[in-house]
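As recorded in TrEMBL:
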- Asn105, His110, Glu115: oxalate binding site (BINDING)
- His108, His110, Glu115, His157: Mn(2+) binding site (BINDING)
- Cys29-Cys46: disulfide bond (DISULFID)
- 60-211: domain 'Cupin type-1' (DOMAIN)
- 1-19: signal peptide (SIGNAL)
Amino acid sequence: MKLLVAILVSALAITVSFAYDPSPLQDICVAVKDPHHAVFVNGRFCKDPKEVEAEDFFFPGFNVPRNTDNNDGSNVTNVNVDQIPGLNTLGISMVRIDFAPYGLNPPHTHPRATEILVVVEGELYVGFVTSNQLGNKLITKVLKAGDVFVFPIGLIHFQWNVGKTKAVAFAALSSQFPGVITISKSVFGSNPPINVDVLAKAFQVDAHVIKQLQKPFA
Ligand SMILES: *[C@@H]1O[C@H](CO)[C@@H](O)[C@H](O)[C@H]1NC(C)=O
C-alpha cells in the first residue's frame with residue numbers, strides 16, 4: 001500500500017513538473033521536425049549537436065513594420081520555437097506587436113507564460129485581470145515609449161493603442177511556446193460553437209445576444 005502511494009505521488013509530481021517548460025538538461029537542444037535519430041526531452045526532438053548551426057538560433061527582420069489592416073488593427077509576430085528551433089527547452093520566446101491608431105490586441109491569455117512588454121513607439125493602454133480568488137481586479141496603465149509592463153502567467157490581458165499614431169511593442173514570454181487563447185474567439189468562435197443556451201446562462205443575456213456575438217466568427 002505504501003509503495004502504491006509512493007508510486008502515485010511520484011507519478012503526480014512528474015505530471016505537475018511537465019506542465020512547465022523544463023530546465024534544460026544540456027547546453028542546446030535545437031528542435032528537429034524529423035524525429036529520426038533524435039531524443040525526446042519534453043519539448044521537441046533535439047537535433048544532433050554536431051549539426052547545429054547559427055541559423056538554428058536566428059530570426060531576421062524584427063524591425064520591419066507589420067500590416068495592421070485587419071479588424072483588430074493589430075498584428076502579432078511570433079518568434080517562438082516554431083520560428084527559432086534553438087529555443088527548444090529554453091523556456092523563453094518573443095513577439096513583436098504592431099498597432100494601427102486605436103488598434104487593439106484583444107483580451108487573451110497565455111496558458112504557459114508570463115509576458116514582459118516594452119513599448120518602443122506610441123502609447124498603449126494595457127491591463128490584466130486577476131483571478132476569481134483575488135476578486136477579478138483590473139490592473140491597468142497607460143504606457144509610453146520606453147515603459148515596461150508585466151502580464152502574469154495565465155491572466156487575461158490586453159493592449160490598446162490610445163494614441164493618434166501607430167504603436168509598436170516587443171515582449172518576451174517565459175515559454176518556448178506560450179500558447180494564446182483569445183477570449184472572444186474561444187468563447188464565441190469555437191468550432192463547433194458552444195451551445196447558445198449555455199452561453200446565454202453564463203453571460204445572463206438573451207440567446208439572440210449570444211447569436212450576435214457568435215456571428216463574426218461563423
Ligand atoms: C501581419 O503582417 C504580415 C506582414 O506584413 C502579413 O503577412 C500578415 O498577413 C499580417 N497578419 C494579420 C493578421 O494581419
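Placement of Cβ uses the backbone N, Cα and C atoms for every residue, glycine included.
Annotated features taken from TrEMBL, shown on the structure.
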residue	record	Cβ contacts under 8 Å, 6 or more apart
Asn105	oxalate binding site	Asp72, Ser74, Val76, Ile97, Phe99, Phe158, Gln159, Trp160
His108	Mn(2+) binding site	Ile156, His157, Phe158, Val180, Ile181, Thr182, Ile183
His110	oxalate binding site	Phe151, Ile153, Gly154, Leu173, Ser175, Pro178, Gly179, Val180, Ile181
Glu115	oxalate binding site	Val150, Phe151, His157, Ala171, Ala172, Leu173, Ser174, Pro178
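What surrounds the oxalate site, by Cβ distance within 8 Å of the Cβ centroid and not counting Asn105, His110, Glu115, is the set Val95, His108, Thr109, Ala113, Leu117, Phe151, His157, Gln159, Ala171, Leu173, Pro178, Val180 from the same chain.
Summary of the Mn(2+) site environment: with the site residues His108, His110, Glu115, His157 set aside, the chain residues having Cβ atoms within 8 Å of the Cβ mean position are Thr109, Ala113, Phe128, Phe151, Leu155, Ile156, Pro178, Val180.
Reduced to three states, the DSSP call for His108 (Mn(2+) binding site) is strand. Of all the disulfide-bonded residues listed (Cys29, Cys46), Cys46 has the fewest other CB atoms within 10 A of its CB.
Within 10 Å of the C-beta atom of His157 (Mn(2+) binding site) sit 22 other C-beta atoms, taking all shown protein chains into account. Averaged over the domain 'Cupin type-1' (60-211), the predicted model reaches a pLDDT of 97.
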